[in-house]
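Visitor: Encoded as structure tokens, here's the structure I'll be asking about.
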Amino acid sequence: MSSLIAVPVRIVDPSKDLNSYGLGNVDWKERVEGWKLKQEKNMMQVTSRYTEGKGDIEGTGSNGEELQMADDARQPLSRVVPIPSSHLTPYRVVIILRLIILGFFLQYRTTHPVKDAYPLWLTSVICEIWFALSWLLDQFPKWYPINRETFLERLALRYDREGEPSQLAPIDVFVSTVDPLKEPPLVTANTVLSILAVDYPVDKVSCYVSDDGSAMLTFEALSETSEFARKWVPFCKKHNIEPRAPEFYFAQKIDYLKDKIQPSFVKERRAMKREYEEFKIRINALVAKAQKTPEEGWTMQDGTPWPGNNPRDHPGMIQVFLGHSGGLDTDGNELPRLVYVSREKRPGFQHHKKAGAMNALIRVSAVLTNGAYLLNVDCDHYFNNSKALKEAMCFMMDPALGKKTCYVQFPQRFDGIDLHDRYANRNIVFFDINLKGLDGVQGPVYVGTGCCFNRQALYGYDPVLTEADLEPNIIVKSCCGSRKKGRGGNKKYIDKKRQVKRTESTIPIFNMEDIEEGVEGYDDEKSLLMSQKSLEKRFGQSPVFIAATFMEQGGIPPSTNPATLLKEAIHVISCGYEDKTDWGKEIGWIYGSVTEDILTGFKMHARGWISIYCMPPRPAFKGSAPINLSDRLNQVLRWALGSIEILLSRHCPIWYGYNGRLKLLERLAYINTIVYPLTSIPLIAYCVLPAICLLTGKFIIPEISNFASMWFILLFVSIFATGILELRWSGVSIEDWWRNEQFWVIGGTSAHLFAVFQGLLKVLAGIDTNFTVTSKASDDDGDFAELYVFKWTSLLIPPTTVLVVNLVGIVAGVSYAINSGYQSWGPLFGKLFFAIWVIVHLYPFLKGLLGRQNRTPTIVIVWSILLASIFSLLWVRIDPFTSSTTKATSGQCGINC
């Protein structure tokens, strides 16, 4: 195993030029001017060389096959597949009808108060108005759903022809991990192995693993992984297997001989499985060893102390395990680069959790490999589709889409979910309905993993937009006036070409216009220094990194010294590097919320970038999700808390970014993303109302006429019709839709409610909430054993209270009806329906509370308790062992009996 490189942090002298850092004879002036010329060239080339190269086609002669190939190479790399109008038109009509019906319903509810239950009526009306607004925010961003299709053959013809050097763009893949005890090293190892074996040119792929817990266990496990990769990667590519994560490949219960034609496959597969089992034993041995930390701290194999023994106070660490200049596989072929990174941490510095770790990876990768695109995955999200990178490049390298696409988001898919998905872990409604709808507007929101970024977008640059893209939003233009065309009063005129090339940001980010004066006056050394100072203020004091930001196509100069670059990489992950820069504010992952993904994507969309939703037939990535009730609620709590933090920040989409190019429906989607936890307050009130009505004998609705009842019926019909038509165009099953509805109530009455109060405490009182890493532990105790484990958390209190109160209300209501005669049963049915609606939605939560019931279904237990209570009341009421004479006598006994 190679020794770890831990270089002390140093301060870079701004007066030094790039020659001091191993970048050959490329000076600052040539770099900036070259970048400007490249941007001008990109602006003029709307289509690729194939689109403009008709002469190339003519030169192919009479060979019809070559003509066809050249013609295919000129075609778009992807296309939008519109959803049939027979599915969309009825859906949109029902949405409009539902909006009209909702208006009449709310008009009736607000004008017909219940005088003897006015507080209950007022509470219910307020809740219903909020639910209506929440529905509008959720519904209308789904107005333009689309599907997309990619053409990998055309991508290969254009950029990756056989026998020629590949022209595919270099990609840096980021894997983030913190705690190896909650995120098992074997899980991380499988993710890394699937990346190293991806179907992409090896010299174009680099994998960076961020260890934000500075755990020696992670480092040693990665060293073992790099050794096993030498055998695993050639096996995957030789036999073209899927998926390329060994744990999940060998666990498949399918015919693994299907489509396999090589006689040696069975023997090689058996040998590889044995190799993997031995690899697992070595990883498990490392995990067992790490359970007890030595008093003197961990020691490396060469006897030196592990630099990261104190996870809160250690130097930056980088180790290159595999690289383009070494690390060959067993067949003698190169392997993708594998780099271990643990950024420096010191007391007194704000490290910004995952967002800070990702920004450190951006800088490290820019210095070492500088891939034009970045793809980040969580440590438990492995590549399920080896062609996932090529799928993303069909959009990123498309001449029409690439220059304005900030990221390509893939849906999340999960392994290890129970058959009925009790707690809606798959999140199918969000990934297959909401994000498809946003793809037809300005693109899906960033969901934190499985996302391929344009590095230029993360640097805060503006997109390259066409004249059509620059047309102002009609609503924004009419309400807010036209956008300003200059930055201040000094510039009265902006060149039209520059306007097309770089649009104006919501908050001015680094733009070539910003250094225009300095570039034009390069004969003056002072202008050059001012330009360099401006860049250092934005990107930090690293000339090597700043130079890398100008290389839009990625890559590093061939004359660079690897040792020098490694020292510079250590410098850019120092804990003080970001001080007084734009990192986390306008550049990279944005700080200010535990859900940094929403904030980062929102800032990009506000600048005018679009995003793409890519759903290949074979899911690109698969991961694990917490199937235990308490773990799931804690995960939802973290998401909701992040939304509240954004709501109370300056980046709130309700008021931020109106001078940018964020589309109206996209803004509504972001507003819905950050206000949804507030729905927990009216939701929990609405869920308690039926119990109060049953206990007090009052109701929130007065006696209604036949005309009024029509609006109630129509509203329920429109709600179900909208849901059914949504399922029709999306392909989502009704079971997935129902599980989503149930967990919306469960999460709303627990995690979302806590998030609201925790967010207020954090923002207003400064009381921080610790980040909880979701456990990715495998299920070793049997199938879905974790599903039945009861883990106490205060998040269980509110929904349990709602359940108990409604059950008591049902018993009390039935008891009152039994004692009051037949005339009281009519009004009771409405209240019972309301209460049972709440219990049915909380039923999965109740199953989680009761755990495994020795094969006794939970529903049997619930109905047994309810029926036993009701029959007991009936028994007391009938009293069959007492004669009628005794009853009459007892009835006249009076108080003195």
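Any Cβ shown, glycine's included, is placed from N, Cα and C.
Annotated active site per TrEMBL: ASP212, ASP597, in sequence order. Taken from TrEMBL, the feature UDP-alpha-D-glucose binding site applies to SER176, LYS182, GLU183, ASP212, LYS353. Positions annotated as Mn(2+) binding site by TrEMBL: LYS354, ASP378. Look at TrEMBL and you will find 674-695, 707-730, 742-761, 795-818, 824-846, 858-878 tagged as transmembrane segment.
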Visitor: What Cα-Cα separation, expressed in whole Å, is found between ASP378 (Mn(2+) binding site) and SER176 (UDP-alpha-D-glucose binding site)?
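Guide: Given the Cα positions, ASP378 (Mn(2+) binding site) is 6 Å from SER176 (UDP-alpha-D-glucose binding site).
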Visitor: Residue list, the transmembrane segment (742-761) vs rest of chain: Cβ under 8 Å, 6 or more residues beyond ends.
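Guide: Same-chain contacts beyond the flanks: 423-424, 633-634, 636-637, 640-641, 643-645, 647-648, 676-681, 683-684, 687, 767, 769, 794-799, 802, 838, 840-845.
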Visitor: With Cβ-Cβ distances below 8 Å as the criterion, list the same-chain residues six or more beyond the ends of the transmembrane segment (674-695) that contact it, or say none.
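Guide: Tertiary neighbours of the transmembrane segment (674-695) are 117, 120, 123-124, 126-127, 130-131, 134, 137, 598, 640-641, 643-644, 646-647, 652-653, 745, 748-749, 752-753, 755-756, 759, 798, 802, 805-806, 808-810, 812-813, 828, 831-832, 834-835, 837-838.
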Visitor: Determine the most Cβ-crowded residue among the binding-site residues LYS182, LYS353, LYS354, using a 10 Å radius around each Cβ and all protein chains in the structure.
Guide: LYS354
Visitor: Can you count the other CB atoms that lie within 10 A of the CB of ASP597 (active site)?
Guide: 24
Visitor: Any idea what the Cα distance is from ASP597 (active site) over to LYS182 (UDP-alpha-D-glucose binding site), rounded to a whole Å?
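Guide: Pair distance, Cα basis, whole Å: 21 Å.
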Visitor: Round to a whole number and give the Cα-to-Cα distance in Å for the pair LYS354 (Mn(2+) binding site) and ASP212 (active site).
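Guide: Cα-Cα, rounded: 8 Å.
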Visitor: Across the record's UDP-alpha-D-glucose-binding residues SER176, LYS182, GLU183, ASP212, LYS353, the largest CA-CA distance in angstrom?
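Guide: Largest Cα to Cα distance for the UDP-alpha-D-glucose-binding set is 16 Å.
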Visitor: Checking the contact step here: among the binding-site residues SER176, LYS182, GLU183, LYS353, which have a Cα within 10 Å of the Cα of ASP212 (active site)?
Guide: SER176, LYS353
Visitor: Taking the Cβ of SER176 (UDP-alpha-D-glucose binding site) as the centre, count every other Cβ atom within 10 Å, in any protein chain shown.
Guide: 22
Visitor: So if I draw a 10 Å sphere around the Cβ of GLU183 (UDP-alpha-D-glucose binding site), how many other Cβ atoms end up inside it?
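Guide: That number is 25.
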